[in-house]
Amino acid sequence: MTEETRKSQLSRRQLLGTSAFVAAAGASGLGGALLAGSSETALAAGAAKGGMSPEVKPGELDEYYVFFSSGQCGEVRIVGLPSMRELMRIPVFNRDSATGWGLTNESRKVLTEGLLPQDREFLKDRGDIFLNGDLHHPHPSFTDGTYDGRYLYANDKANTRVCRIRLDVMKCDKIIQLPNQHTVHGLRVQKYPKTGYVFCNGEDRVPIPNDGSHLNDVKQYHAIFTAVDGETMKVAWQVMVDGNLDNVDCDYQGKYAFSTCYNSEEGTTLAEMMSSEQDWIVVFNLKRIEEAVANGDFKEMNGVPVIDGRHGSKYTRYIPVPNSPHGINTALDGIHVVANGKLSPTVTVFDVRKFDDLFDDKIKPRDAVVAEPELGLGPLHTAYDDKGNAYTTLFIDSQICKWNIEDAKRAFKGEKVDPIRQKLDVHYQPGHNHSSMGQTKEVDGKWLISLNKFSKDRYLNVGPLKPENDQLIDISGDKMVIVHDGPSFAEPHDATIVHRSKINPVSFWSREDPFFADAVAQAKADGLDLMEANEVVRDGNKVRVYMTSSAPAFGLTEFTVQQDDEVTVYVTNIDEIEDLTHGFAIVNYGVNMEVAPQATASVTFKASKPGVWWYYCSWFCHAMHMEMQGRMLVEPKKA
């Protein structure tokens with residue numbers, strides 16, 4: 001066995017031993033205390049001596065925003081750091097009762113306008129929208145290597161969608177469904193010169209087109225890598241690749257994106273997917289791909305240019321790594337990229353400066369590897385500080401491993417040096433982690449969050465379904481110190497810590513905002529001004545009800561419609577007081593929506609039940625809140 005092969009592979013015995021241990025540990029629910037060995041457990045009963053405190057006193061503000069994914073809940077959660085207090089939830093792929101997301105016309109437009117034709121047809125008898133989502137990997141937009149406060153992007157693994165959230169109003173304004181690929185797992189955004197592209201991994205392999213004509217012919221299955229234009233929210237291009245794509249990241253020069261891959265065997269069962277000792281990362285040459293699109297070197301599939309990036313393509317390179325790598329994370333020095341081994345106890349470090357020579361065929365794929373330290377069992381994701389250190393989650397060991405990149409490179413060259421600085425027990429089984437400003441050139445090395453998949457005994461027992469456990473770790477000193485445990489409902493997959501100076505939300509909607517422009521246009525067509533209108537307009541069996549709201553009264557205290565009319569209610573909050581949100585709910589009609597200061601919200605429904613139906617303000621906005629109500633009178637159909 002050559003030295004290169006020795007460094008890049010696990011032996012069959014090592015691989016099966018690791019896999020068996022993973023399975024046994026998972027089955028028995030072993031926690032970090034049993035697996036940690038001689039590692040340090042550094043729990044803080046408050047702030048460590050000389051360390052930082054998570055306390056934010058009443059009336060004071062957190063230093064950072066944390067944008068948490070929620071997995072199968074389908075929303076984004078905003079948390080303050082270091083307090084770890086939940087501040088707000090942004091509904092995206094889910095149906096939200098409080099705000100009316102998924103019910104209001106404005107939200108339904110966002111949820112439906114980006115659907116693929118076949119799914120639009122599929123959903124016709126299912127309420128026209130997907131009722132579930134699996135939101136992963138929320139990442140803010142960049143300009144010149146740091147967050148610019150414009151947008152947040154995330155992916156939906158359940159229904160192959162990508163969303164964009166406006167950070168000025170903290171609302172989702174665009175959702176698109178990706179053609180040709182099957183699910184999205186792994187999303188990152190272009191860091192330089194700006195976002196730019198949103199890179200999306202197609203995890204599962206399916207036939208293209210996926211129309212049932214090749215159900216069991218796995219040779220027709222393909223995985224797709226997608227670049228979405230983050231400004232237009234249209235697919236810019238796609239690349240067909242070998243294997244299943246997992247996670248993705250990109251460089252700080254705007255030249256390359258790279259994805260981890262499992263199932264290089266292209267199997268359909270667990271045993272088949274694990275049969276090889278190696279998988280790979282795929283490196284995408286952005287300039288060459290853009291030239292391919294410009295020169296027509298692609299096949300158009302479902303209206304999108306699809307480039308062949310399988311083995312042998314000039315647009316991609318495949319670098320072998322140990323079996324089933326998971327996370328891939330670019331270091332803040334702009335040079336190094338770390339692929340995390342998952343089934344291997346190692347992480348693989350690449351030097352992006354070598355990728356030019358790799359694509360020019362001047363070096364072999366493994367020549368781009370500059371380190372491959374062994375850290376522990378189940379490395380999944382890596383974060384960074386401002387001192388050249390990396391922090392890798394070890395799922396099976398229930399630990400965070402702090403290690404030094406330069407020392408790992410020295411060890412790879414044969415020096416007798418240990419790159420590991422510390423191992424910290426976390427509670428329990430960490431997946432993603434993230435450091436403060438840790439994906440930007442402005443990383444500050446203060447805080448790390450470990451998103452742990454199990455909480456076990458950390459909280460009061462709440463029944464069989466238990467919360468996740470997000471642990472806040474002080475990394476400002478030489479030693480990592482846990483300073484806070486925070487429970488999360490199902491189920492965070494990644495989080496991003498952004499300094500508050502980068503985000504500048506408004507407190508009032510602008511009346512010129514495009515979010516409710518359709519309502520403004522309809523009112524104008526009816527000869528009305530939404531800021532003043534309190535009228536009912538009938539157009540055949542379609543009725544449009546316009547009303548203002550100013551606490552504690554709606555502009556209309558009653559309106560009359562006929563049974564089976566299609567009713568659209570437009571409510572405009574004309575209050576100019578910060579934090580004075582109104583609601584509009586109709587009793588026993590399944591209607592409720594949020595109406596923020598200076599915003600218009602609308603809802604359309606069929607008045608199928610005759611009778612008297614009270615509507616009321618569902619958000620507490622005034623001492624006379626209970627009296628802020630009115631009547632919808634539905635006249636029965638004439639015999």
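Any Cβ shown, glycine's included, is placed from N, Cα and C.
Here Swiss-Prot flags H136, H185 as Cu cation Z2 binding site. Summarising the annotation, Swiss-Prot assigns Cu cation Z3 binding site to H137, H432. What Swiss-Prot lists as Ca(2+) 2 binding site is Y262, E265, M273, D279, S324. Per Swiss-Prot, Cu cation Z1 binding site is recorded for H326, H381. What Swiss-Prot lists as Ca(2+) 1 binding site is K453, E468, and the listing cites similarity to another entry. The feature Cu cation Z4 binding site is assigned by Swiss-Prot to H493. Sequence annotations record features per position, and here Swiss-Prot assigns Cu cation A1 binding site to H582, C617, C621, M628 based on similarity to another entry. The Cu cation A2 binding site feature in Swiss-Prot is assigned to C617, W619, C621, H625. Annotation comment: Swiss-Prot describes 541-639 as region 'COX2-like'. Annotation comment: Swiss-Prot describes 1-44 as signal peptide, evidence class sequence analysis.
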Mean of pLDDT values spanning the region 'COX2-like' (541-639): 98
Nearest-integer angstrom distance between the alpha carbons (Cα) of H326 (Cu cation Z1 binding site) and M273 (Ca(2+) 2 binding site): 14
Binding-site residues near H137 (Cu cation Z3 binding site) (Cα-Cα within 10 Å), from Y262, H381, K453, H582, H625, M628: none
Proximal but sequence-remote residues of the same chain as K453 (Ca(2+) 1 binding site) (Cβ under 8 Å, at least 6 apart): F395, Y428, Q429, P430, G431, E468, E491
In three-state DSSP terms, the structure that D279 (Ca(2+) 2 binding site) belongs to: strand
Least buried by Cβ count (within 10 Å) of the binding-site residues H136, H185, H381, H493, H625: H625
Cα-proximity to H625 (Cu cation A2 binding site), 10 Å cut-off, over binding-site residues H185, E265, S324, H493, C617: C617
Residues that sit under 8 angstroms from W619 (Cu cation A2 binding site) by C-beta distance, when 6+ apart in the chain: T581, H582, G583, E594
Binding-site residues clustered about H493 (Cu cation Z4 binding site) [Cα within 10 Å; pool: E265, M273, D279, S324, C621]: none
Number of helical, extended and coil residues in the region 'COX2-like' (541-639), per DSSP: 3 helix, 54 strand, 42 coil
M628 (Cu cation A1 binding site) and H136 (Cu cation Z2 binding site), distance between Cα atoms, whole Å: 39
For the Cu cation A1 site built from H582, C617, C621, M628, further residues of that chain with CB within 8 A of the site's CB center: S549, A551, P552, F554, G583, Y616, S618, W619, F620, H622, H625
Count of other CB atoms lying within 10 Å of the CB belonging to Y262 (Ca(2+) 2 binding site): 21
Residues flanking the Ca(2+) 2 site, with Cβ no more than 8 Å from the Cβ centroid of Y262, E265, M273, D279, S324 and excluding those residues themselves: G243, N244, C261, N263, S264, M274, S276, N323
Close in space, distant in sequence - M628 (Cu cation A1 binding site), Cβ under 8 Å, 6 or more apart: S549, A551, P552, A553, F554, H582, Y616, C617, C621, H622
Fewest other Cβ within 10 angstroms of its own Cβ, chosen from the binding-site residues M273, C617, C621: M273
Cβ neighbours within the same chain of H432 (Cu cation Z3 binding site) - under 8 Å, at least six residues apart: G327, L380, H381, T393, L451, P492, H493, D494, A495
